[in-house]
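Structure record follows, encoded as structure tokens.
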Amino acid sequence: MSDLLGILKQQGQSEEFDAIKIALASPELIRSWSYGEVKKPETINYRTFKPERDGLFCAKTFGPVKDYECLCGKYKRLKHRGVICEKCGVELALAKVRRERMGHIELASPVAHIWFLKSLPSRIGLLLDMTLRDIERVLYFEAFVVVDPGMTELERGQLLNDEAYLDAMEQYGDEFDARMGAEAIRDLLRQIDLEDEIRNLREELPTTNSETKIKKITKRLKLLEAFYESGNKPEWMIMDVLPVLPPDLRPLVPLDGGRFATSDLNDLYRRVINRNNRLKRLLDLNAPDIIVRNEKRMLQESVDALLDNGRRGRAITGTNKRPLKSLADMIKGKQGRFRQNLLGKRVDYSGRSVIVVGPTLKLHQCGLPKKMALELFKPFIFSKLEFRGLATTIKAAKKMVEREESVVWDILDDVIREHPILLNRAPTLHRLGIQAFEPVLIEGKAIQLHPLVCTAYNADFDGDQMAVHVPLTLEAQLEARSLMMSTNNILSPASGEPIIVPSQDVVLGLYYLTREKVNALGEGKIYSSAQEAQNFYEAGHLDIHAKIKIRMPKEDGETGYHLVETTVGRAILAEILPKGMPFDYINRTMTKKVISKVIDSCYRKFGLKETVIFADQLMYTGFKYATRSGASIGIEDMEIPDDKASIIEHADNEVREIESQFRSGLVTNGERYNKVIDIWSRTNELVAKSMMSKIATEEVADAKGNKVRQESFNPIFMMADSGARGSAAQIRQLAGMRGLMAAPDGSIIETPITANFREGLNVFQYFISTHGARKGLADTALKTANSGYLTRRLVDVAQDVVITEDDCGTDTGILMQPLIEGGDIVEPLHERVLGRVVASDVYIPTQTEPVVKAGTLLDEEWVEKLEKHGVDQVMVRSPITCQTRFGLCAKCYGRDLARGHLVNTGEAVGIIAAQSIGEPGTQLTMRTFHIGGAASRATAANNIQIKTKGVIRLHNIKTVTHENKNLVAVSRSGEVTIVDEFGRERERYKVPYGAVISAQDNSPVEAGQVIATWDPHTHPVISEVSGRLKFVDLIDGITMNRQTDELTGLSNIVIIDAKQRSAAGRDLRPMVKLVTDEGDDIYLAGTNVPAQYYLPVDAIVNFEDRSLVGIGDVIARIPQERSKTRDITGGLPRVADLFEARKPKDSAVMAEVSGLVNFGKETKGKRRLIINVSEDQCHEELIPKWRHISVFEGEHVERGEIIAEGALNPHDILRLLGVGALANYIVNEVQDVYRLQGVKINDKHIEVIVRQMLRKRVITFAGDSKFLVGEQVEESAMLQENDKLLAEGKQIARGTPILLGITKASLATESFISAASFQETTRVLTEAAVSGKVDELRGLKENVMVGRLIPAGTGYTYHQSRKAKRARVAAGGDSSATHTVTASDVEHALSEALNADNHEH
């Protein structure tokens, strides 16, 4: 029997391949694939259902329909295997050969492959140096092309229309050869001598000067070299023979009622065959030229449609007006081959069900319904039944299981013990969306989930479903247990903070348990142990909140005991603390933040096991006391503050006051609106404050009968205060006032909702509430998709970043400083550098020895040391500066956040980075509607008040001194910082244009001092010199209006919008100049620039013509726009823009060189700014006049300094300031968005993505390399080429880094398989085929698609050993070492075993 099995074994290809190459197929190759020609368009006989001979389903060509059975039925059964029936010509084989055998169609006339013709840039066009339109005219028989000019004056490749052709024929006769159609193009392609062309172009390159020509030549050169090196022949882009897909991949399925469902490909093939046969007949008949031509054109069109329907002209539609799905459509898009079948497959041994909460489970368990378990573990049960001799055959075992005999349940218990299963909840946004658990069999039909893992899954129990998967092999079970078990995933890979943190009820229970109450039963008593106190409480002699004293063992390694003041509840909690954990960790009121910290420090001090047990105990305790507390929401608990009415009345009066000011013309409508919004924002804060103080505290009598205040036990307050549920903002809406609402366009409606939910809303208030509520829901739906797409792009760009070595040996890194915004340190240095490796020694001024040596991994202890020594900047290693060629090194990455130690080799840090950034995106986008659209707008800031004592430093601020000795800022990007006595920066503030600064540079300041003030509602225009005002182009009624105030009689001048002016005033540019009394221009100090200020629309001028103005006076003010609400809506697109490296609109102009500024001659709409580097070297910028230029004449600027205000362009930052500055910029900007939402992500994830955006180089100097100047190449490719050149002693190539957006970077990866499965499949494959690309299968995606272990994690070692083995073979080592067990050996062994069994029976 073993021989038989050996014969049966399909002669499959060997599994061992290391790369995949894509190339053009030559006609010979296509014929060699084919098992026969398809000559007829018939498919199957509608009566017999047998395939027609020579048709599209022909059994002779493609193989038998049934296993080992020929069509006419002469030969049947296995014994005739391989026989070819002489009657019907069918070879006897397995029916599945119909999935792999191809046919071909011999075309009567060659046709062009549409991908190489129409996929831009057109490859055929580039090779022939003709435009796409011209080639199409030839191919679709509208014009002749000269193939061989002979001795005539015509040129090769010249197009001739019919008349020109006839004229030429008359003139030259047979001297020349001009034809039309694909044959002509094929002959032209054949004539190209690649070597010659390449040589000529290479010689031509240095001599040309025009940019466009150089671009064109390099494009052609690259294509020609690609053809030359890959061995592809240009004429193969024109096809003489068309391959036919195996029939089982384009099936024809009979439906009931005699109709057939067919794949669209069959229709497309039929059209091709019909037209081809008709063309053959016409050619045999010597039909007139015009008819043949038309038929050839139709053949070309039908082949186009088969390959890529709809690429040219209108798509061919089927019977139901739907475009037919062509071969190209089969592979692209979400439903295409790549994404549907290769990257994601359905798996066996899986099930799904609704989840319910399992509060009694341990952290590593989940409840699995018996019914599901029985089905999922069937094969294991069968084998166990046989093994124990309870069933003789598999069939018998099956019957036993179906009958659910009692012994089956015992065996199921046995099988399930210690066999982990995987639980997954869609959407799986990060790796914690799939975790392993040990199943516990339960009755019922719902899966039970442990409450602590809900955060990771983002699961709730309102009907969520989860899927179960069974790891089958031993290796899979091992991995599930050691890597994926929920107990091994306590920390979040995104931030390194615990993700197994109690939430909601548990938090509420622990909070209630650890609260203090004044004058509770048993206050002031002393107990010998926590256990004793607990006993007294259980007996009812103690209140759980009573303040008592307990004798506790001393901590920090000291022996003996001491008395601790605590409460009964905290003593109860102390019982579950791990041994050695200090009691003062929990001797406080436990809020969610505190609990998270406790779990974190437990993990760092006592390790995994203790933490898991502790977390479980916390949960049980929390649930128990949440139940005991009886905390619930009652309408009485929403206490409305008594002074609410008076606060609101006061606000109404203020608003009335402003309305009257507006009516009398003192303020503009915009200012009025802004001030009203401000009043209501402030009022809302006041009501909220008053309400919180009422809800948060209560007055009680203490033991002596005195009145004291304590934190209240109001359940709503407790829920918010503990962090269990709800926030101050929500309580404010329940018991304060709902406040301002946003209109559908995002602007704020100026009438707020003064009612709260307890009082109830009236119809008008309800109506304006609906805007925000609906917007929230609509946003959610739209943005979930956007966020998912962002994650997909991130994963794609970073998928092949794997830790490949321990240390790349670089000594560069990036400089880390604390992040300071305003008066707050947003992220202290110790948080930013935790888990990083130091790049260079860290010193402090007082010591000569370094505090930290280079190469140290900074853990908690080290960062405490840094903090203690007051270090405020550290150079750390970063993924961006890592020198590893493929992947990253462990030292540059630092700590594995989810494990807390240096990252292992093989860790797929790219995917983790992408998930960490993408996952909160979805969270954030889903989070818009929770506050119900209430507009949260901070009251506009109007001053800088500092918080710490220190010295003030001004940065980038241009100031002028007002006559009252104050400084007035006249620059936009200025900042002030406060520095402490060690010279460390403590606070940092932006200073707006027009701010009055009341402290001098480098002067000492006290805490609480106000150092700058400004008007938040207007942009001022400040005079920088003193003199008389002169109006230019300010004409009453044309460019400006006068508004007189009735009360004061003062008049203001307001500029009119250019769009609303009469024709006369369209082109006028209103501005004010400062002149001397004689009327001469006054220049800005130290420059030759006149002091003149253009006035934008709506500007209000405060002075009259010819009035005197002092330095620092406000000449005009521009009311600010209505403020829109900030929502993550701005956030997610912002993150996408940063990662896509989009150029911002009106981006800032940065100085290209360092030097002195002066202004040259102005053009019509622009100013010329010249930066002089030296006598003979300068750089010019043309800047539109409306842009605000932030440098003066004669000022010195550094390279990369901002000259004209605007959003920064990341490409400029990279070019002018380098990689470090760019990394800093992107990291900080992305973090700003997430921080606004309170999401923590570690910087290194963003850095990994930035590294991938920077992996290309633009060649600046080609040396002796194969690269061309201006070409974009992978850095690794450039370095490899340089290594080769160095070895040969030649000149190396040099390049500068270039920033690509994530989409572009994904499409530009080395691996064409990965790029094609991402986006623009056609373009990627066309390009790859032409250049004969080889995919080395380095990334994760490529390996998933060829069905291999990924080269990361546990698969990393497998790939390494394969590589090592290959190297040994290549080195001519021990050949026997290469002999590994192949599939056939295994089958052979199996058949032997089966035979042995047979003999025994």
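Backbone N, Cα and C define each Cβ position, glycine as well.
Feature list (source: Swiss-Prot):
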BINDING   Cys70, Cys72, Cys85, Cys88  Zn(2+) 1 binding site
BINDING   Asp460, Asp462, Asp464  Mg(2+) binding site
BINDING   Cys808, Cys882, Cys889, Cys892  Zn(2+) 2 binding site
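Features recorded in Swiss-Prot, as mapped to the structure shown.
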residue	record	DSSP (3 states)
Cys70	Zn(2+) 1 binding site	coil
Cys85	Zn(2+) 1 binding site	coil
Asp460	Mg(2+) binding site	coil
Cys808	Zn(2+) 2 binding site	coil
Cys882	Zn(2+) 2 binding site	coil
Cys889	Zn(2+) 2 binding site	strand
Restricting to the chain of Cys85 (Zn(2+) 1 binding site) and a gap of 6 or more, list residues whose Cβ falls under 8 Å of its Cβ, or answer none.
Cys70, Leu71, Cys72, Lys74, Tyr75, Glu91, Leu92
Check: same-chain CB within 8 A of Zn(2+) 1 site center, minus Cys70, Cys72, Cys85, Cys88:
Ala59, Leu71, Gly73, Lys74, Tyr75, Glu86, Lys87, Gly89, Val90
How many Å separate the Cα atoms of Asp462 (Mg(2+) binding site) and Cys882 (Zn(2+) 2 binding site)?
46
State the count of C-beta atoms found within 10 angstroms of the C-beta of Cys882 (Zn(2+) 2 binding site), not counting that atom itself.
26
Spatially, and counting Cα to Cα, which of the binding-site residues is closest to Cys892 (Zn(2+) 2 binding site)? Options: Cys88, Asp460, Asp464.
Asp460
Out of Cys88, Cys808, Cys882, Cys889, the binding-site residues in the record, which is closest to Asp464 (Mg(2+) binding site) when you go by Cα distance?
Cys889
Same chain, 6+ residues apart, C-beta under 8 Å of the C-beta of Cys889 (Zn(2+) 2 binding site), given in sequence order:
Ile803, Thr804, Glu805, Asp806, Asp807, Cys808, Cys882, Gln883
Between Asp460 (Mg(2+) binding site) and Cys88 (Zn(2+) 1 binding site): CA-CA distance (Å):
64
Residues other than Cys808, Cys882, Cys889, Cys892 within 8 Å, Cβ to Cβ centroid, of the Zn(2+) 2 site?
Glu805, Asp807, Thr810, Arg877, Pro879, Thr881, Gln883, Thr884, Leu888, Ala890, Lys891, Tyr893
Tell me the Cβ contacts of Asp460 (Mg(2+) binding site) under 8 Å, same chain only and six or more apart in sequence, or just say none.
Cys454
To test your reading of the Mg(2+) site: which residues beyond Asp460, Asp462, Asp464, same chain only, put their Cβ within 8 Å of the Cβ centroid of those residues?
Ile355, Ala459, Phe461, Gly463
Among the binding-site residues Asp462, Asp464, which residue has the fewest other Cβ atoms within 10 Å of its own Cβ?
Asp462
Count of other CB atoms lying within 10 Å of the CB belonging to Cys70 (Zn(2+) 1 binding site):
24
Give the residue from the binding-site residues Cys72, Cys88, Cys808, Cys892 that has the most other Cβ atoms within 10 Å of its Cβ, counting over every protein chain displayed.
Cys892
